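Structure record follows, encoded as structure tokens.
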Amino acid sequence: MGSHLKNILIVSFGFLLLFTAYGGLQSLQSSLNADAGLGTASLSVLYGAIILSSMFLPPILIKNLGCKWTIVVSMGCYVAYSLGNLYPSWETLIPTSIILGLGGAPLWSAKCTYLTISGNMQGKKENKEGRDIINQYFGIFFLIFQSSAVWGNLMSSLIFELADDRASITEEQLNHCGAADCPVTNVTGNSTIDIPPDSLRYILVGSYIGVGVLSVILVAVFLDDLDKEAAQEFRDNRQPFFSVFLATFKHLRDKRQILLIPMTMYSGFEQGFLAGDYNKSYVTCALGIRYVGYSMICFGATNSLSSFAFGKLSRYTGRIALFALATVTNLSCIIALFLWKPHPDDLAVFFVFSGLWGMADAVWQTQTNALYGVLFEEHKEAAFANYRLWESVGFVIAFGYSSYLCVDVKLYVVLAVLVVGMVLYGCVEYIEYKNPTACTENKLEVEENPYIAQSKL
């Protein structure tokens with residue numbers, strides 16, 4: 001096995017373990033920590049902290065620690081959040097949410113930078129286009145990573161099977177499900193959710209903590225430190241803090257980054273809609289909460305397989321065709337969700353929507369990450385920090401209005417962001433067609449500087 005492929009697999013399985021724990025906890029916050037809205041408040045604080053960390057932390061940590069140790073330290077922040085869920089309270093969960101949020105942006109920026117470094121180096125070694133190898137690596141990563149939704153939600157489903165005493169759902173309630181669900185009717189709020197006993201909480205959260213610690217050990221011990229020398233050189237010649245702090249915002253001078261903001265935000269909107277509104281207003285409202293985990297398993301499995309397939313297909317179809325496929329898929333789903341009246345007799349339809357949404361999300365995740373890596377090769381840390389920043393803004397807005405707007409209004413919002421995002425993305429592709437981005441490996445001699453994907457912040 002090649003060393004670069006080995007490193008990609010280690011990063012991928014590390015993230016799989018980490019987000020098996022975090023994903024499971026995130027999906028349970030509204031039920032396990034329902035008192036005074038503690039769970040949902042922690043998620044709001046978490047994504048707000050990610051926005052703040054996106055502004056300055058990724059370049060600082062990556063340049064001082066290198067990609068590997070930035071990933072390790074950031075993973076520790078996620079484990080801290082799991083620890084906070086052992087004895088959840090405002091004093092424990094909110095601070096650990098802030099810690100996780102501060103580690104979120106550096107984690108993803110370091111991962112994206114590491115995969116791009118590996119792809120460019122392997123492309124130079126094989127005398128192939130670096131961007132093709134990068135697409136393959138992102139496809140492999142998301143194939144493995146997205147399956148975390150399967151394992152995390154399987155654990156949550158088992159909890160609800162043991163602890164949930166399902167309430168009967170009347171025809172009157174079904175009339176207010178789907179696009180007709182509105183905060184005024186408060187139908188989904190009437191679903192009976194039995195909180196599992198503390199013994200089950202400790203077993204579950206303890207298992208999540210163990211899985212998270214294992215992910216940290218896996219990356220710390222087995223991942224190669226590709227940019228160690230570059231990080232050491234930066235520590236010896238570091239730039240003022242203020243210039244590093246502004247790196248993320250200076251990147252906004254690139255008009256391509258400005259044009260990509262709506263599409264990047266849409267990634268947060270569409271994930272927030274599925275995790276919050278679809279699961280609550282369609283699945284829970286019509287079937288009951290025990291089916292939420294199974295719905296997300298369908299989403300995760302489809303997402304994982306599609307990520308791998310699209311990573312391969314992108315070499316032949318190009319990214320534009322895949323973005324078009326995702327756009328048509330999401331548009332069709334949104335229109336259908338407007339018209340469909342969810343009912344328990346249509347059990348298969350619930351999973352069809354989850355599967356189609358997972359297929360489209362696979363494109364948004366793999367191709368948007370790869371797009372940033374290709375367009376902004378010389379400023380990757382700042383570019384990926386912007387990616388996490390604007391995606392998190394989408395999450396915060398989606399979660400923020402979730403309790404106040406009717407589902408049909410939310411569908412209009414998601415639809416509008418998608419249309420605007422894709423129109424502006426088309427402008428980016430036109431600019432790229434007129435002025436193609438030169439590959440970094442064509443500018444630098446690998447023998448002189450093997451860290452060809454590092455920016456010069």
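One is the number of the first residue shown, and numbering goes on along the chain from there.
Quick reminder: no glycine exception, Cβ is built from N, Cα and C everywhere.
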Of the residue ranges 39-57, 286-304, the one that TrEMBL records as transmembrane segment: 39-57
Residues of the parent chain within Cβ reach of the transmembrane segment (411-428), under 8 Å, 6 or more residues beyond its termini: 179, 256, 259-266, 269-270, 273, 323, 327, 330-331, 334, 337-338, 375, 394, 401, 405
Intrachain residues whose Cβ lies under 8 Å of the transmembrane segment (202-223), provided they are six or more past its termini: 7, 10-11, 13-18, 20-22, 24-25, 68, 71-72, 75-76, 78-79, 82-83, 85-86, 155, 159, 196
